[in-house]
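Shown next, in structure tokens, is the structure this report addresses.
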Amino acid sequence: MKPMLKDFSNLLLVVLCDYVLGEAEYLLLREPGHVALSNDTVYVDFQYFDGANGTLRNVSVLLLEANTNQTVTTKYLLTNQSQGTLKFECFYFKEAGDYWFTMTPEATDNSTPFPWWEKSAFLKVEWPVFHVDLNRSAKAAEGTFQVGLFTSQPLCPFPVDKPNIVVDVIFTNSLPEARRNSRQPLEIRTSKRTELAQGQWVEFGCAPLGPEAYVTVVLKLLGRDSVITSTGPIDLAQKFGYKLVMVPELTCESGVEVTVLPPPCTFVQGVVTVFKEAPRYPGKRTIHLAENSLPLGERRTIFNCTLFDMGKNKYCFDFGISSRSHFSAKEECMLIQRNTETWGLWQPWSQCSATCGDGVRERRRVCLTSFPSSPVCPGMSLEASLCSLEECAAFQPSSPSPLQPQGPVKSNNIVTVTGISLCLFIIIATVLITLWRRFGRPAKCSTPARHNSIHSPSFRKNSDEENICELSEQRGSFSDGGDGPTGSPGDTGIPLTYRRSGPVPPEDDASGSESFQSNAQKIIPPLFSYRLAQQQLKEMKKKGLTETTKVYHVSQSPLTDTAIDAAPSAPLDLESPEEAAANKFRIKSPFPEQPAVSAGERPPSRLDLNVTQASCAISPSQTLIRKSQARHVGSRGGPSERSHARNAHFRRTASFHEARQARPFRERSMSTLTPRQAPAYSSRTRTCEQAEDRFRPQSRGAHLFPEKLEHFQEASGTRGPLNPLPKSYTLGQPLRKPDLGDHQAGLVAGIERTEPHRARRGPSPSHKSVSRKQSSPISPKDNYQRVSSLSPSQCRKDKCQSFPTHPEFAFYDNTSFGLTEAEQRMLDLPGYFGSNEEDETTSTLSVEKLVI
């Protein structure tokens, strides 16, 4: 207002001067003010006096910017025009500020000077008024907001060089008055360039500030520092507020969901409260039903239907910010209808529709509603499921029960009874098998071998129990006292010089095990006679008789049975009182009371003295010791209790029943052959050995010298000194019989090799044949295995039932014996057992010490 008064006063002053002086010069504006960027035009009136002499002058009007003193534009007046109006267009005024209009005359004739004068006018230009507005963006872009720029002033249509404006947005998290008491505020600035328009929306992205956000908008002209307009800081929460989004009316089934829509660039954090709208009574307070807190960033919450009353009622929701208790969102109300229709609890399952196989069971629930005529509970009131009981084929009742069958109970009873029955069956079977093994199984007896020997009518060669029942547990001797001279193979040192035992092929194992029990029962009659002979021997001992005994080693070849020694034994010990008391039940012996001593036999030698300390002696024909004997050696632990006799010179004797007639017999040929018998024996030996040599390496020499014996003793690890060589082993005698030490070493190696095999397979009735197949590795030079091409049973079938006479089977010798038919049947043990071609597991029926 003051500038206008000043201009008006200046104008009056000019008019007065002109009137007084009679000559008026002035420059006058029609409008004292102007709006920049507007489409208004500025008009300037002028008047000047050219002088008394009428000299023409050039006059111009300049538009100057007062702040910078720069000329915006210049306009020239006509020479013959002393007064008039000049028009200045809108595009000259792009920026607000102070402008000057100046009129300056110029002389046309330089020769005539004139005084300088200048007229001017002042113009004030202002910015147009722009209104700034903020708005939410579309839902698809919740992280943005819009800035609106609007003006009511018409803008100048710039023909060229149209100016641009810049919109700056500043985000802060606090108000300026709150910054003094808090830490440094967060401030984020963003700008956008836009064209000059009377109204427009400019979209901006949000800056992450938090639950509180303030925005300041600044509008500038591009390239200029002047600010057209500035708005802010604007509280976005107060500007936009929080909105609760919900349907106006709903039927509550499980819950009511309320969504909070926060202001732009603001995160939700507060409490949603629900209350029932109270009647409009004075003094009536609003009842708050529940409050749900929303953590930072969470927008949705659900209220359970149990909070609302049955029927249709109006409920209102409100959102408040805990940090700004003075501010709350606009209250939103809605109608909520809650029906009474709801489901009750499920009833128990019904019984299965079938007693076996697949059935169906059902359960129901009831709809609880205030309108029983038309229940509208959502869901199913009936539920069915399959129930599977036991299969019909597995359990069928004998008669249908009138009562309702209890499927699960009966099924459990069947399982229980079945389990108990199975357990009882297993227990009974275990007890029966144990009793059968302990009492019902016969003794596992080996198949005895044939013996081609004949003895005196009063004595007959017997076998110890270990030869008959090797696989069974150790029992006492057949004698009453049980003190017979027994011993493990490692405890006896009898030089069995001439003995041959053919190995048995491996195919005899199966047949031998099958006929084992039947063969073991057939040995009972001979064993009865052996026991009777023991009783008669004790009667002779009671009378103080002495006897001449012969110790033989019996093998499958009777010719190679070896006489150990012949010595008059000491008078036998008298019986114990218990035995004397039982004499009346025994059969008297028919033997004479004088001792029978053979004149041709040598006295006891050192052989008998070191019997207990000599190593195990075995026939040369026996390549390996039997597995049962090896087992007895290990179980007895060195010299066994049964192996050592009470009297070192005790020998077992036997006799037949008193009713038996004495049959013709011949003296058995000793191992020391006469010159008359040597050629025939040697020929048979060579014939048999030729048949065996086909199955073993030709590495053994024809003669076994005494120095070889020492080597074998060292290789076999003997337990004691070996017996001296018999007389038949001389350097000049061409006999093919091996030495005792030869197979004594093989015995030790055989035990070491057969024991792991037996531990792996267990005891078998046919283990003898397996052990005989293995050779005794003494040295690489003398390692061989004796294999017979034909078994003894095949020889019996092909040649003769008792003794074959073919030279190839020389181990069955008939030339030196004359046996009756009864004696041959008695001695033909394999034939007596009824062995066939498949049962070839015929082994010797004697231990290494047999006394006749």
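Cβ atoms are placed via backbone N, Cα and C, with glycine included.
Per Swiss-Prot, the features are as follows:
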| type | residues | note |
| --- | --- | --- |
| COMPBIAS | 645-654 | compositional bias 'Basic residues' |
| COMPBIAS | 655-669 | compositional bias 'Basic and acidic residues' |
| COMPBIAS | 670-685 | compositional bias 'Polar residues' |
| COMPBIAS | 686-696 | compositional bias 'Basic and acidic residues' |
| COMPBIAS | 766-778 | compositional bias 'Polar residues' |
| COMPBIAS | 785-794 | compositional bias 'Polar residues' |
| DISULFID | Cys352-Cys387 | disulfide bond |
| DISULFID | Cys356-Cys392 | disulfide bond |
| DISULFID | Cys367-Cys377 | disulfide bond |
| DOMAIN | 340-393 | domain 'TSP type-1' |
| CARBOHYD | Asn39 | N-linked glycosylation site |
| CARBOHYD | Asn53 | N-linked glycosylation site |
| CARBOHYD | Asn58 | N-linked glycosylation site |
| CARBOHYD | Asn69 | N-linked glycosylation site |
| CARBOHYD | Asn80 | N-linked glycosylation site |
| CARBOHYD | Asn135 | N-linked glycosylation site |
| CARBOHYD | Asn304 | N-linked glycosylation site |
| REGION | 444-517 | region 'Disordered' |
| REGION | 624-799 | region 'Disordered' |
| TOPO_DOM | 25-413 | topological domain 'Extracellular' |
| TRANSMEM | 414-434 | transmembrane segment |
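Where Swiss-Prot records a feature, it is marked here on the structure.
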| residue | record | Cβ within 10 Å |
| --- | --- | --- |
| Asn39 | N-linked glycosylation site | 14 |
| Asn58 | N-linked glycosylation site | 13 |
| Asn69 | N-linked glycosylation site | 8 |
| Asn80 | N-linked glycosylation site | 7 |
| Asn135 | N-linked glycosylation site | 13 |
| Cys356 | disulfide bond | 20 |
| Cys367 | disulfide bond | 16 |
| Cys377 | disulfide bond | 17 |
| Cys387 | disulfide bond | 17 |
| Cys392 | disulfide bond | 12 |
Give me the count of other Cβ atoms within 10 A of the Cβ belonging to Asn304 (N-linked glycosylation site).
11
Neighbouring C-beta atoms (10 Å sphere around the C-beta of Cys352 (disulfide bond)):
20
Spatially, and counting Cα to Cα, which of the recorded positions is closest to Cys377 (disulfide bond)? Options: Asn58, Asn69, Asn135, Cys356, Cys392.
Cys356
Average model confidence [pLDDT] within the domain 'TSP type-1' (340-393):
82
Students should find that the Cα atoms of Asn135 (N-linked glycosylation site) and Cys352 (disulfide bond) sit apart, in Å rounded to an integer, by 68
If we check Cα distances from Cys387 (disulfide bond), which of the recorded positions Asn39, Asn69, Asn304, Cys356, Cys367 wins as closest?
Cys356
Mind tallying the domain 'TSP type-1' (340-393) by DSSP state, helix then strand then coil?
0 helix, 18 strand, 36 coil
What's the CA-CA gap between Cys356 (disulfide bond) and Cys367 (disulfide bond) in angstrom, rounded?
34
Going by C-alpha distance, which of the recorded positions Asn58, Asn304, Cys352 is nearest to Cys367 (disulfide bond)?
Asn304
Spatially, and counting Cα to Cα, which of the recorded positions is closest to Asn58 (N-linked glycosylation site)? Options: Asn39, Asn80, Asn304, Cys392.
Asn80
How long is the line from the C-alpha of Asn304 (N-linked glycosylation site) to the C-alpha of Asn39 (N-linked glycosylation site), rounded to the nearest angstrom?
63
